[in-house]
Structures are given as structure tokens and as C-alpha cells.
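Peer 1: Below is the structure I would like to discuss, written out as C-alpha cells.
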Amino acid sequence: MKVPPGGMKTLLLALGLLLVGAGIYGAADFSMKATDEPAFCGSCHIMYEVVRTQQNSVHASLSCNDCHAPAGGIRKVMFKAKAGAKDVYQNTFGDVLDVIHTTQATKDVVNENCMACHTMTNINVADAKESCTDCHRQVPHFSKSPIAERRVANE
């Protein structure tokens, strides 16, 4: 088979771009999964006790972002980037507050994720309160006897 002039360069360029794209995709996929895990979240000293409480709860088998980030896609990437940048800035340059004040977007994501896993449970109670955490405030981080000092605001 005879390759047309310049065809080999085009073929090699296409293969090179394909390999670079696959490498970027693989690195991004690895990074997304690694930054979902309690080991990553707990590597920041301010989150250590929150991770410890989660790992002593009935939700210990879940990753942090199974609850705290939207499920999959570009929405998850954007949410994690924004929340991560905010956390890094706050923990590096700001005062770390004893009470965590969440945004409505964060509350909505957590509620969506509760309802996605507990579909059969929430059939009878989904309309009772605005949010799952209105009743289940201490799940999973402070169930039974709290071992963490930081709290989430009741707002």
C-alpha cells in the first residue's frame, strides 16, 4: 500500500493527538476518582475529624463526593473545581470557622444524592420537609455521639 505524500505525517500527527487525548482523559479520570475519596479529603487537617466521623457511620463505604458533589459529567467537574478552590483559599488565607455555612447549591446536591440512593425510603417522606437533612442532620458525620467539634449551621 502506497502512502500519499504528506500522508505519513498526517497519520503520525493523528496518532500522536489520539495518544495525548487518551493520556489527558486517563489523568483526569484518575484525578476525579482520587479526589472523591476520604483519604484525599482527610489529608487536609481541617477535614480530618469529618472524615473520621464518616468512616464510623453507616455511610462508611461511600466516597465523600457520593454525597457532596453532583453525579457525573461536567456538572460534577465544575462543582468540584469551584468548591475545591474555595476550600483551598479559605483554609490557606481565611479563618476556618467552627460552624460550616453551606450554600443552597451544596444543600441541593446533598439532598439530590440522598434521594438518589434512598428512593424507596423517601417515597413517603419526600414532601415532609424541604431537605433530608432537616430531619437527618447528623447523618453521617455526627451520628449517636458526636466526635467532631465543627458543626453545620442550622440555616
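Quick reminder: no glycine exception, Cβ is built from N, Cα and C everywhere.
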Peer 1: Can you pick which of His45, His59 TrEMBL lists for the same heme 3 site as Cys114, Cys117, His118?
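Peer 2: Among the candidates, TrEMBL records only His59 at this heme 3 site.
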Peer 1: Figure out which of Asp87, Asp95, Asp98 sits with Cys41, Cys44, Met47 in the heme 1 site per TrEMBL.
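Peer 2: Answer per TrEMBL: Asp87.
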Peer 1: Tell me the residue counts in helix, strand and coil for the domain 'NapC/NirT cytochrome c N-terminal' (9-138), as DSSP assigns them.
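Peer 2: Going through the domain 'NapC/NirT cytochrome c N-terminal' (9-138) residue by residue, I get 87 helix, 2 strand, 41 coil.
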Peer 1: For His118 (heme 3 binding site) and Cys132 (heme 4 binding site), determine the Cα separation and express it in whole Å.
Peer 2: 10
Peer 1: For the binding-site residues listed here, His59, His68, His136, His141, which shows the highest count of neighbouring CB atoms within 10 A?
Peer 2: His141
Peer 1: Kindly assign His141 (heme 2 binding site) to one of the three DSSP-derived states: helix, strand or coil.
Peer 2: coil
Peer 1: Excluding Asn65, Cys67, Lys80, Asp87, which residues of the same chain place their Cβ within 8 Å of the centroid of the Cβ atoms of the recorded menaquinol site?
Peer 2: Thr35, Asp36, Cys41, Cys64, His68, Ala69, Phe79, Ala83, Gly84
